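These come from TrEMBL:
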- 7-28: transmembrane segment (TRANSMEM)
- 48-73: transmembrane segment (TRANSMEM)
- 85-102: transmembrane segment (TRANSMEM)
- 108-127: transmembrane segment (TRANSMEM)
- 148-168: transmembrane segment (TRANSMEM)
- 180-199: transmembrane segment (TRANSMEM)
- 206-221: transmembrane segment (TRANSMEM)
- 227-249: transmembrane segment (TRANSMEM)
Amino acid sequence: MLKRLAIFNLLSVVLAIIFNYFAQSGIFNGNTVGEISDKYANLFTPAGYAFSIWGLIYLSLLAFATFMVYQAYTNGKHTDFIKDTSGWFIIANVGTCLWLVAWLYEYVAISVIIMFLILAKLLKIVINNNMERWDAPIKVIAFYWWPICLYSGWIAVASIANMASYLAMVGWDRALFSEVEWTVIMIGVAVIINLLMIWLRNMREFAAVGIWALIAIYVRHNGNEDLIANTAIAGAVLLFLNVAYHGFLNRKTNPISKMLNSES
């Protein structure tokens, strides 16, 4: 059973990568992800280079799934994660494929629902495995925890951006606040979510993705929308300081310290 689950996990990652490749080729409805993003442009969307993080995410997920297969076929010590993760992980990856189809066919409302479902499944994995809440071996941290942190961190940011695109599509009149002010509020929400993940779940890697996204928002708006740019860079600095301080407080259990101690 564990072997089949591990293989299905790996296949779901490969499927998501294949869908992402074809999504960029225009095979779905003659559109690419970037073209639809431009069509429903909003001020929260980061500079285009930010989306290159998908390369790192997919590499980490391949490592994640390959490590699962290795553990399953060698009767490794870290197979519990397979049982507690597999169904939700597969659903999240299939959800990513469905999101691409919905987005490229401009079913934006459906894409928002799918995106939040993906985030929910990833957070379910975090909770099921009590991730980042105990002193795990380096292999568990590197091959199990970090890939999910990167994946969920980016999906959290993407969920906010996806919602902003939907509001732009329906022509929401931004009652009470201007578009710039709403964008500042959304940045604030993103910062709060990441702070909570740092201090309640010890997920500094999750917040590192948030820092990446906020810097990209700053890069996009620097020199034209100063309020957004300044808010984004301030949020990035705040998150970085919290990540650094949290890392210092927990320095005895971080992977670098473990590697140094194992060598000494």
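Glycine too: its Cβ is placed from the backbone N, Cα and C atoms.
Outside the transmembrane segment (108-127) by six or more residues, the chain places 40, 84-85, 88-89, 91-92, 95-96, 98-99, 102, 148, 151-152, 155-156, 158-159, 162-163, 165-166, 169, 201, 203 with a CB less than 8 A from a CB of the stretch. The transmembrane segment (180-199) shares the most Cβ pairs under 8 Å with 227-249, out of the stretches 7-28, 48-73, 148-168, 206-221, 227-249. Residues of the same chain lying 6 or more positions beyond the ends of the transmembrane segment (7-28) and with a Cβ under 8 Å from any Cβ of it are 54, 58, 61-62, 64-66, 68-69, 82, 85-86, 89-90, 93-94, 96-97, 100-101, 104-105. Using a Cβ-Cβ cut-off under 8 Å and counting only residues 6 or more beyond its ends in the same chain, the transmembrane segment (148-168) has close neighbours at 37, 40-46, 53-54, 56-57, 60-61, 64, 92, 108-109, 111-112, 115-116, 118-119, 122-123, 125-126, 131-132, 174, 183, 186, 189-190, 193-194, 197, 203, 205-210, 213.
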